[in-house]
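Colleague: Below you'll find the structure I mean.
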Amino acid sequence: GVIINVKCKISRQCLEPCKKAGMRFGKCMNGKCHCTPK
């Protein structure tokens, strides 16, 4: 995945930031969002 500079606690918090970054969805790992490219 692609790490974006968005802090998170749960994976659901990464959904919008990843969409805004032009990617599909993301999960929270080590306090940062990891997005899945389209």
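Cβ coordinates come from backbone N, Cα and C, glycine included.
The model shown is predicted, which means the values in this text are computed figures rather than measured ones.
Just lifted these from Swiss-Prot, have a look:
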DISULFID  C8-C28  disulfide bond
DISULFID  C14-C33  disulfide bond
DISULFID  C18-C35  disulfide bond
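Could you place the listed features in the three-dimensional structure?
Modeller: Cβ contacts within 10 Å of C8 (disulfide bond), excluding its own Cβ and spanning all protein chains shown: 20.
DSSP assigns C14 (disulfide bond) to a helical segment in the three-state reduction. Under a cutoff of 8 A between CB atoms, and with a sequence separation of 6+ in the same chain, the neighbours of C14 (disulfide bond) are V6, C8, F25, G26, K27, C28, C33, H34, C35.
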Colleague: Would you find the one among the disulfide-bonded residues C18, C28 whose Cβ has the most company, meaning other Cβ atoms within 10 Å?
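Modeller: Answer returned by the neighbour count: C18.
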